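Asker: Quick one: this structure, given as C-alpha cells, is what I'll be asking you about.
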Amino acid sequence: MKSIFATVAVVGLMFAGNAMAVDMPADGKAKCGACHKIDTKLVGPSWKDVATKYKGQKDAEATLVANITKGGQFGWKMGQMPAKGMGANEAQIKDLAKFIMTL
C-alpha cells in the first residue's frame, strides 16, 4: 500500500511540476524587470496583477501587446510606462504578453 501511495505521489508531483512550470522570457526579465516583477508591485504593477486584470477579456494578449508597444498608464494609478518598455522589439513584446497571460 505504501509503495502505491508513493508511486502516485511521485507521478502527481511530476505532472504538477510540468503544469506549473512557466518560462519567463529572458528579455522580459532583462528589459522589464526594473519596473515589474512577477508577484511584487514596483514602479509598475506585478505581472500577476496585469494577468488578473486582463484574464477573461477577448483579445487580452493582443491588448497587452498593444499596450506594451505604445506605453501608457492604463488606469493603474502608477507612473506611466514608456513605449516598448526598455527597448523591447515586437517578438519580445509578444513573448512577454503570452507569458503574462499564463500567470
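Heads up, the Cβ atoms here are built off N, Cα and C, so glycines get one too.
Those TrEMBL annotations? Automatic predictions, nothing curated.
From a predicted model like this one, the values you see are computed outputs, not experimental measurements.
The heme c binding site annotation in TrEMBL covers C32, H36, M81. Annotation source TrEMBL lists domain 'Cytochrome c' at 12-103. Here TrEMBL flags 1-21 as signal peptide.
Where in this structure would I find these features, and how exposed are they?
Answerer: Here M81 (heme c binding site) comes close to C35, G44, N67, I68, G71, G72, Q73, F74: these same-chain residues lie at least six apart in sequence, with C-beta atoms under 8 angstroms from its C-beta.
Helix, strand and coil content of the domain 'Cytochrome c' (12-103), in residues and according to DSSP, is 46 helix, 4 strand, 42 coil.
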Asker: Give me the non-local Cβ neighbours of C32 (heme c binding site): same chain, 6+ apart in sequence, Cβ-Cβ under 8 Å, ordered along the sequence.
Answerer: G85, M86, A88, L96
Asker: Across all chains shown, how many C-beta atoms besides its own are within 10 angstroms of the C-beta of H36 (heme c binding site)?
Answerer: 23
Asker: Return the maximum Cα to Cα distance in Å (whole number) over the record's heme c-binding residues: C32, H36, M81.
Answerer: 10
Asker: Kindly state the mean pLDDT of the domain 'Cytochrome c' (12-103) in the predicted structure.
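Answerer: Mean pLDDT, the domain 'Cytochrome c' (12-103): 84.
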